[in-house]
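**Q** Pulled the feature table from Swiss-Prot, pasting it below:
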SIGNAL    1-6  signal peptide
DOMAIN    180-377  domain 'Peptidase M12B'
BINDING   GLU183, ASP267, CYS372, ASN375  Ca(2+) 1 binding site
DISULFID  CYS291-CYS372  disulfide bond
BINDING   HIS316, HIS320, HIS326  Zn(2+) binding site
ACT_SITE  GLU317  active site
DISULFID  CYS331-CYS356  disulfide bond
DISULFID  CYS333-CYS339  disulfide bond
BINDING   VAL387, ASN390, LEU392, GLU394, ASP400  Ca(2+) 2 binding site
Amino acid sequence: FPYQGSSTILESGNVNDYEVVYPRKVTALPKGAVQQKYEDAMQYEFKVNGEPVVLHLEKNKGLFSKDYSEIHYSPDGRRITTHPLVEDHCYYRGHIRNDADSTASISACNGLKGHFKLRGETYLIEPMKISNSEAHAVYKYENVEKEDEAHKMCGVTQNWESYEPIKKASQLIVSTEFQRYMEIVIVVDHSMYTKYKGDSDKIKAWVYEMINTISESYRYLYIDIIVSALEMWSEKDLINVETSAENTLKSFGEWRAKDLIHRISHDNAQLLTATDFDGPTIGLAYVASMCDPKRSVGVVQDHSSVNHLVAITLAHEIAHNLGVHHDKSSCSCGSGYTCIMSPVINSEVIKYFSDCSYIQCREYISKENPPCILNKPLRTDTVSTPVSGNELLEAGKDYD
């Protein structure tokens, strides 16, 4: 090991066993290439367990919609909408070279932060809080001291035990016509805004990292997740956020249909809150409700200092909107892995949807064909010019 640490406080909490690494960028820009702040592709070398690895990263170009907006409120209650330039963002996905099964979801905004899978093991990486140092900590999630060993659960309680998929995953034909595009609005309520001390940059980084993580998981379901807007209830809540997840979900859905849907083009909205929901519940969503003005919503508690765990809860609730139910014990996403649609969130890094989730999502889409997720939105890196005919559907799209 270059250096082995016994215990340190990182953003994810107190980590008992970690390795200090110094990632070295090895990308060579092509001759004459324009230097972006964050290149489209980057490679970093560092050591894990004393062994050199090469992390290959590619920018997640479809992360933001072309008309992405951020909304907050002034002290006198006025809504302030901005359209920040997000083309040159710092969110990447990738893999470890020479490991076919590896994946990575990384933000490169200030050092490397995120997670990667190497030889079947998931590692977290983040910069260490040492001034003028390139030092990063690499560790397994199991080495993070758990704040709370109590079970955390999704609040969807319908009993789907009788649900049997019509087809096996291997019988489903997959083609490009299965690809869907979900434009999502994330709403951060006032309790969460206060939790992060009103630091909107910190909140944005937290949310973007989550979306980058879940977009990787949703690729397996042939669904692109695109952020249309981030709204922060900076002055006060615009609905009554209660400890009852059911009441909060109902209020949020009604608010979306009455307000949000009329000013932002999107297909689905999720509320992030620091409110501690009753009992073990950390999230709730309507099932099979995509594109419905009141019901294409979910509520998620910001329940962990580990970004990945909140991200997976978000992925879980969105999947309910897509007609996906909780996994039964016969569902699998690979040997030894807990899958995203497990009704209980346990203390491990989860990345994958199960075979059951895949089948249920495909069946819901082929049976219901929710119309709002059919169109491919313009990406931030697309330069649009007026065209004749229907080539640019975006301009006249009728949402929901």
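Using N, Cα and C of the backbone, Cβ positions are placed for all residues, glycine too.
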**Q** State the Cα to Cα distance, in Å, between CYS333 (disulfide bond) and HIS326 (Zn(2+) binding site), rounded to an integer.
**A** 13
**Q** Between HIS320 (Zn(2+) binding site) and CYS291 (disulfide bond), what C-alpha distance do you get in Å?
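**A** Checking the Cα atoms of HIS320 (Zn(2+) binding site) and CYS291 (disulfide bond) gives a distance of 13 Å.
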**Q** Rank the binding-site residues HIS316, HIS320, HIS326 by the number of other Cβ atoms within 10 Å of each Cβ and report the first-ranked residue.
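**A** Answer returned by the neighbour count: HIS316.
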**Q** Starting from the Zn(2+) site formed by HIS316, HIS320, HIS326, give every other residue of that chain whose CB sits within 8 Å of the mean position of their CB atoms, in sequence order.
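**A** Surrounding the site, in chain order, are CYS154, VAL156, GLY283, ALA285, VAL287, GLU317, ALA319, VAL324, HIS325, ILE340, MET341, PRO343.
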**Q** What is the Cβ neighbour count of GLU317 (active site) at a 10 Å cut-off, with all protein chains included?
**A** 25
**Q** Do me a favour and check the Cα-Cα span between CYS331 (disulfide bond) and the residue listed as 'active site'; whole Å is fine.
**A** 18
**Q** Provide, as an integer number of angstrom, the distance between the C-alpha atoms of CYS291 (disulfide bond) and ASN375 (Ca(2+) 1 binding site).
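**A** Taking the Cα atoms only, CYS291 (disulfide bond) lies 13 Å from ASN375 (Ca(2+) 1 binding site).
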**Q** Of the recorded positions GLU183, ASP267, GLU317, CYS339, CYS372, which one has its Cα closest to the Cα of CYS356 (disulfide bond)?
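**A** When the Cα distances are compared, CYS339 comes out closest.
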**Q** What does DSSP say about GLU183 (Ca(2+) 1 binding site): helix, strand or coil?
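**A** The residue in question, GLU183 (Ca(2+) 1 binding site), is strand (DSSP, three-state).
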**Q** For the C-alpha pair, I'd like the distance in angstrom between ASP267 (Ca(2+) 1 binding site) and GLU317 (active site), rounded off.
**A** 14
**Q** Helix, strand or coil by DSSP: which one applies to HIS316 (Zn(2+) binding site)?
**A** helix
